[in-house]
Amino acid sequence: MLGGIRLFFSRLVAIFINLIKDIFLVITLACRLFSYFRCGFQWIKRFGAMLIYVTFLSTAFYRVAFFYWLSPKVKKGILYGSLPRNRLDLFVPSVSPYPQNGDKRGLPVVIFVTGGVWLIGYKGWGALLGKRLMERGVLVATLDYRNFPQGTVSDMVLDVSQGVAWVMENIHRWGVSGFTDQELKMTNTCCVAV
(Lines of atoms letter the chains of each structure in order from A and count residues from 1; the text may use other names and numbers.)
(Lines give C-alpha, C1' and ligand atoms only; values in the text may rest on other atoms or scores of the structure.)
Protein backbone atom coordinates (compact mmCIF):
# COMPACT_ATOMS: atom_id res chain seq x y z
CA MET A 1 0.00 0.00 0.00
CA LEU A 2 2.79 2.42 0.92
CA GLY A 3 4.56 1.60 -2.33
CA GLY A 4 1.42 2.44 -4.31
CA ILE A 5 1.15 5.85 -2.64
CA ARG A 6 4.83 6.57 -3.33
CA LEU A 7 4.38 5.55 -6.96
CA PHE A 8 1.30 7.79 -7.28
CA PHE A 9 3.08 10.83 -5.80
CA SER A 10 6.23 10.23 -7.85
CA ARG A 11 4.12 10.18 -11.02
CA LEU A 12 2.28 13.31 -9.88
CA VAL A 13 5.59 15.11 -9.25
CA ALA A 14 6.89 13.99 -12.67
CA ILE A 15 3.75 15.31 -14.37
CA PHE A 16 4.07 18.62 -12.50
CA ILE A 17 7.77 18.97 -13.43
CA ASN A 18 6.98 18.25 -17.10
CA LEU A 19 4.18 20.83 -16.98
CA ILE A 20 6.56 23.47 -15.58
CA LYS A 21 9.12 22.62 -18.27
CA ASP A 22 6.48 22.97 -21.01
CA ILE A 23 5.27 26.31 -19.63
CA PHE A 24 8.85 27.59 -19.47
CA LEU A 25 9.45 26.42 -23.05
CA VAL A 26 6.30 28.17 -24.33
CA ILE A 27 7.23 31.41 -22.54
CA THR A 28 10.78 31.26 -23.90
CA LEU A 29 9.60 30.63 -27.45
CA ALA A 30 6.96 33.37 -27.19
CA CYS A 31 9.57 35.88 -26.02
CA ARG A 32 11.84 34.86 -28.89
CA LEU A 33 8.94 35.24 -31.35
CA PHE A 34 8.06 38.69 -29.98
CA SER A 35 11.70 39.75 -30.30
CA TYR A 36 11.46 39.11 -34.06
CA PHE A 37 8.56 41.55 -34.22
CA ARG A 38 10.83 44.18 -32.68
CA CYS A 39 8.35 44.86 -29.94
CA GLY A 40 9.84 45.80 -26.65
CA PHE A 41 9.45 44.31 -23.23
CA GLN A 42 6.99 47.06 -22.30
CA TRP A 43 4.52 45.81 -24.92
CA ILE A 44 4.84 42.22 -23.68
CA LYS A 45 4.30 43.37 -20.10
CA ARG A 46 1.16 45.30 -21.05
CA PHE A 47 -0.18 42.37 -23.05
CA GLY A 48 0.34 40.09 -20.04
CA ALA A 49 -1.41 42.59 -17.77
CA MET A 50 -4.33 42.71 -20.20
CA LEU A 51 -4.60 38.91 -20.19
CA ILE A 52 -4.67 38.87 -16.38
CA TYR A 53 -7.31 41.63 -16.38
CA VAL A 54 -9.49 39.75 -18.87
CA THR A 55 -9.10 36.54 -16.87
CA PHE A 56 -10.39 38.18 -13.71
CA LEU A 57 -13.28 39.93 -15.49
CA SER A 58 -14.34 36.90 -17.50
CA THR A 59 -16.08 35.27 -14.54
CA ALA A 60 -18.38 38.29 -14.20
CA PHE A 61 -19.01 38.35 -17.96
CA TYR A 62 -19.87 34.65 -17.94
CA ARG A 63 -22.35 35.10 -15.09
CA VAL A 64 -24.18 37.89 -16.92
CA ALA A 65 -24.11 35.96 -20.21
CA PHE A 66 -25.53 32.82 -18.57
CA PHE A 67 -28.26 34.90 -16.94
CA TYR A 68 -29.09 36.64 -20.22
CA TRP A 69 -29.30 33.46 -22.29
CA LEU A 70 -30.78 31.04 -19.75
CA SER A 71 -33.13 33.03 -17.49
CA PRO A 72 -36.84 32.56 -18.17
CA LYS A 73 -37.41 36.10 -16.84
CA VAL A 74 -35.64 37.56 -19.88
CA LYS A 75 -37.91 37.76 -22.91
CA LYS A 76 -35.50 38.09 -25.83
CA GLY A 77 -36.01 39.26 -29.40
CA ILE A 78 -39.52 40.72 -29.15
CA LEU A 79 -40.36 42.46 -32.43
CA TYR A 80 -41.53 46.06 -32.15
CA GLY A 81 -41.29 46.87 -35.86
CA SER A 82 -40.91 45.27 -39.27
CA LEU A 83 -37.13 45.54 -39.67
CA PRO A 84 -34.59 42.93 -38.52
CA ARG A 85 -33.02 45.23 -35.89
CA ASN A 86 -36.41 46.31 -34.50
CA ARG A 87 -36.22 44.01 -31.50
CA LEU A 88 -36.19 44.47 -27.77
CA ASP A 89 -35.51 42.40 -24.68
CA LEU A 90 -37.69 42.57 -21.58
CA PHE A 91 -36.36 41.83 -18.10
CA VAL A 92 -39.51 40.96 -16.16
CA PRO A 93 -39.33 40.90 -12.34
CA SER A 94 -41.32 38.33 -10.43
CA VAL A 95 -42.57 40.72 -7.73
CA SER A 96 -43.70 44.33 -7.65
CA PRO A 97 -41.80 46.69 -5.32
CA TYR A 98 -45.09 48.28 -4.27
CA PRO A 99 -46.82 47.08 -1.11
CA GLN A 100 -50.09 45.20 -1.44
CA ASN A 101 -52.18 48.08 -0.09
CA GLY A 102 -54.32 48.64 -3.14
CA ASP A 103 -51.65 50.53 -5.11
CA LYS A 104 -52.50 49.75 -8.74
CA ARG A 105 -49.58 51.46 -10.42
CA GLY A 106 -47.92 48.21 -11.40
CA LEU A 107 -44.22 47.93 -12.09
CA PRO A 108 -41.82 50.80 -12.64
CA VAL A 109 -40.34 50.72 -16.13
CA VAL A 110 -36.92 51.64 -17.52
CA ILE A 111 -36.34 51.78 -21.26
CA PHE A 112 -32.63 51.43 -22.00
CA VAL A 113 -31.24 52.44 -25.38
CA THR A 114 -27.63 51.44 -25.67
CA GLY A 115 -25.07 53.65 -27.34
CA GLY A 116 -22.11 52.75 -29.47
CA VAL A 117 -21.10 55.75 -31.55
CA TRP A 118 -24.07 54.97 -33.82
CA LEU A 119 -22.11 51.99 -35.15
CA ILE A 120 -22.12 49.12 -32.66
CA GLY A 121 -24.99 49.45 -30.18
CA TYR A 122 -26.74 46.21 -29.22
CA LYS A 123 -29.64 45.47 -26.88
CA GLY A 124 -27.74 42.68 -25.10
CA TRP A 125 -25.32 45.21 -23.63
CA GLY A 126 -28.04 46.21 -21.19
CA ALA A 127 -28.14 42.72 -19.62
CA LEU A 128 -26.34 43.69 -16.41
CA LEU A 129 -28.51 46.78 -15.95
CA GLY A 130 -31.61 44.70 -16.67
CA LYS A 131 -30.54 42.02 -14.18
CA ARG A 132 -29.85 44.48 -11.38
CA LEU A 133 -33.01 46.53 -11.85
CA MET A 134 -35.14 43.42 -12.32
CA GLU A 135 -33.90 42.15 -8.93
CA ARG A 136 -35.29 45.37 -7.45
CA GLY A 137 -38.72 44.98 -9.02
CA VAL A 138 -38.24 47.17 -12.11
CA LEU A 139 -39.29 46.05 -15.57
CA VAL A 140 -36.50 46.88 -18.05
CA ALA A 141 -36.84 47.06 -21.83
CA THR A 142 -33.58 47.22 -23.81
CA LEU A 143 -34.08 48.41 -27.39
CA ASP A 144 -32.11 47.50 -30.47
CA TYR A 145 -32.19 49.80 -33.49
CA ARG A 146 -30.54 50.22 -36.87
CA ASN A 147 -26.94 51.39 -36.73
CA PHE A 148 -24.86 53.01 -39.44
CA PRO A 149 -24.56 51.95 -42.32
CA GLN A 150 -27.93 50.13 -42.06
CA GLY A 151 -29.60 53.43 -41.33
CA THR A 152 -29.08 57.15 -40.87
CA VAL A 153 -29.57 59.15 -37.68
CA SER A 154 -33.16 59.79 -38.76
CA ASP A 155 -33.71 56.04 -39.05
CA MET A 156 -32.24 55.54 -35.58
CA VAL A 157 -34.58 58.16 -34.14
CA LEU A 158 -37.52 56.51 -35.91
CA ASP A 159 -36.58 53.07 -34.57
CA VAL A 160 -36.16 54.29 -30.98
CA SER A 161 -39.45 56.23 -31.13
CA GLN A 162 -41.20 53.17 -32.51
CA GLY A 163 -39.70 50.99 -29.77
CA VAL A 164 -40.74 53.36 -26.98
CA ALA A 165 -44.25 53.57 -28.44
CA TRP A 166 -44.45 49.76 -28.58
CA VAL A 167 -43.39 49.49 -24.94
CA MET A 168 -45.98 52.07 -23.87
CA GLU A 169 -48.76 50.32 -25.81
CA ASN A 170 -47.92 46.72 -24.87
CA ILE A 171 -46.37 46.88 -21.41
CA HIS A 172 -49.69 46.09 -19.71
CA ARG A 173 -49.04 42.44 -20.58
CA TRP A 174 -46.33 42.38 -17.92
CA GLY A 175 -48.14 44.02 -15.02
CA VAL A 176 -47.96 47.74 -15.75
CA SER A 177 -51.39 49.32 -15.78
CA GLY A 178 -50.44 52.74 -17.14
CA PHE A 179 -47.76 55.39 -17.32
CA THR A 180 -47.18 58.57 -15.42
CA ASP A 181 -44.14 60.79 -15.65
CA GLN A 182 -42.72 59.09 -12.58
CA GLU A 183 -43.14 55.59 -13.92
CA LEU A 184 -41.50 55.95 -17.34
CA LYS A 185 -37.78 56.47 -17.06
CA MET A 186 -35.53 56.46 -20.08
CA THR A 187 -31.78 56.04 -19.93
CA ASN A 188 -29.35 56.59 -22.74
CA THR A 189 -25.63 56.11 -22.91
CA CYS A 190 -23.74 57.86 -25.68
CA CYS A 191 -26.71 57.91 -28.05
CA VAL A 192 -28.24 60.94 -26.36
CA ALA A 193 -28.85 62.53 -29.75
CA VAL A 194 -31.15 59.66 -30.71
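For all residues, glycine too, the Cβ spot is worked out from N, Cα and C.
Predicted, not measured: the structure shown is a model, and the values here were computed from it.
Database features, via TrEMBL:
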DOMAIN    99-175  domain 'BD-FAE-like'
TRANSMEM  12-35  transmembrane segment
TRANSMEM  47-70  transmembrane segment
TRANSMEM  106-125  transmembrane segment
Intrachain residues whose Cβ lies under 8 Å of the transmembrane segment (12-35), provided they are six or more past its termini: 43-44
Local confidence of the domain 'BD-FAE-like' (99-175) - pLDDT mean: 81
Secondary structure content of the domain 'BD-FAE-like' (99-175), with strand meaning DSSP E or B: 35 helix, 10 strand, 32 coil
